[in-house]
Amino acid sequence: MDDSTSGSLLGIAISIALYALLTLSYAALSNVRQSSLQEEAEEGNRRAEKTLALLKKSSQVGATYAVLTMALTFIIAVLASNAFLQPLVAATEVEESQVALGVLGMASVAALTIILGRSVPEGVGSSYADSIAMLFTSAMSLSVTLLSPLTRGLMFISRAVAGVFGGGQLVNTVTEEEILSLVNEGNTEGTIEDKEKEMIFSVLQLNETNVREVMTPRIDIVAVDVNTPLTEALDNFIDTGFSRLPVFEENIDNIVGLLYAKDLLNLWRRGGLQSDRTVREMVRPAYFVPETKLADELLRELQSRKVHMAIVVDEYGGTSGLVTIENLIEEIVGDIQDEYDYNEEEEYTRNGNGEYLIDASMDLDDFNELLEVHLQAPETDTLGGYIYMRLGHVPDEGEVIETDELTMTVLSIDGRRIRKVEVMRKTPPETDTENTETTIEDAAEASSSTEPPEDDDSSQPLADAS
């Protein structure tokens with residue numbers, strides 16, 4: 001081996017080492033937790049302050065990394081060619097074994113660059129992001145400053161080219177799937193708790209949830225007639241613990257407004273709560289929304305309008321249910337109970353040996369998650385609705401519904417409304433649920449499907465007791 005080859009190999013080793021350090025620092029900066037750095041900066045850590053300042057130049061950091069890695073890749077390629085291919089070009093006679101060794105040498109350098117210069121440093125930098133980022137902040141800041149004229153020029157050209165093809169500026173977009181993947185990874189590593197994971201998932205799903213899925217159904221609405229005496233309405237507030245009640249005229253489909261408990265309290269305090277006065281005098285306007293309105297849109301509207309309740313109407317203008325801010329927030333954080341909710345029944349109880357006692361108003365998606373099955377009923381939202389669609393008639397107490405994984409028995413019925421269902425697993429949950437879906441069409445046997453009644457929907461507390 002001559003001096004030229006030895007020098008080239010040494011240069012390759014140094015270049016790969018620099019490549020590794022560059023990748024290590026960039027991976028750390030890309031995965032650093034800014035919240036923890038902020039805490040350290042507030043405690044006087046100068047390195048944390050410098051790292052936070054560098055993170056504000058993320059575009060320049062990325063451009064600097066791209067320029068330096070491209071330069072190192074070019075240098076490694078030139079040195080590898082000088083070490084393994086140049087001797088072949090200079091030789092008068094070349095044997096096949098020499099060609100094979102040359103190709104093997106080039107391939108080895110490429111593999112070492114990918115493994116030692118890229119893959120390993122990326123993994124290490126991501127795992128120990130905070131400490132490594134602060135360690136290399138000064139070096140990376142210096143590189144960004146020195147290469148600033150070049151990187152700014154490249155970024156300008158990139159934006160100009162993007163503008164030609166319809167892009168005003170280069171934007172790094174993060175998809176919902178990427179966020180969910182990161183949350184799952186954080187949950188697996190223990191940095192994100194199960195409750196935090198569920199809350200993040202719920203926030204992302206809120207823009208896919210219709211008001212119909214979260215509302216209190218029509219059958220569970222507690223409302224007062226517009227001609228009800230105020231003293232009787234006050235008794236309703238005391239009995240229910242609600243702070244607002246819908247007011248109707250003639251029937252529940254003709255809701256004319258809302259009655260506020262605070263208004264009655266103010267009237268009572270002034271001595272104006274006579275028995276001859278009716279609810280009509282105290283009605284406030286109600287806010288009406290369609291069933292198809294998205295939950296996240298409604299939450300923003302309720303906040304901007306400074307109201308806590310909306311009346312949900314169906315496609316024919318009839319009352320379908322009502323929804324409160326509490327209903328919407330519960331979609332994110334789970335059930336919220338106060339001192340007036342102590343009589344609420346559990347949505348389900350586990351009896352052991354794969355047996356469950358479940359409220360028929362349970363959301364079908366929640367039921368699928370609980371039992372790890374994939375029952376599907378596109379036209380209904382609840383377990384009771386699924387049973388109605390499956391049977392095609394009003395069930396009797398004790399009637400049994402079979403699926404591949406479950407045996408469901410109707411335990412109690414109130415009028416035409418299914419109240420309680422006993423569910424028993426036939427088999428343990430499948431780890432791969434891809435082929436376990438049970439649709440209405442697959443499950444139906446001799447009976448034909450019918451639409452579920454309007455009053456079969458989820459049961460929720462009427463309103464917040466604020």
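Even glycines carry a Cβ here, placed using N, Cα and C.
These features come from TrEMBL:
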| type | residues | note |
| --- | --- | --- |
| COMPBIAS | 431-444 | compositional bias 'Acidic residues' |
| DOMAIN | 1-197 | domain 'CNNM transmembrane' |
| DOMAIN | 215-275 | domain 'CBS' |
| DOMAIN | 282-339 | domain 'CBS' |
| REGION | 423-466 | region 'Disordered' |
| TRANSMEM | 6-29 | transmembrane segment |
| TRANSMEM | 65-85 | transmembrane segment |
| TRANSMEM | 97-116 | transmembrane segment |
| TRANSMEM | 128-150 | transmembrane segment |
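Within the domain 'CBS' (282-339), the DSSP-based counts of helix, strand and coil residues read 21 helix, 16 strand, 21 coil. Regional average pLDDT for the domain 'CBS' (215-275) in the model is 91. Residue counts for the domain 'CBS' (215-275) under DSSP, helix first, then strand, then coil, are 23 helix, 21 strand, 17 coil.
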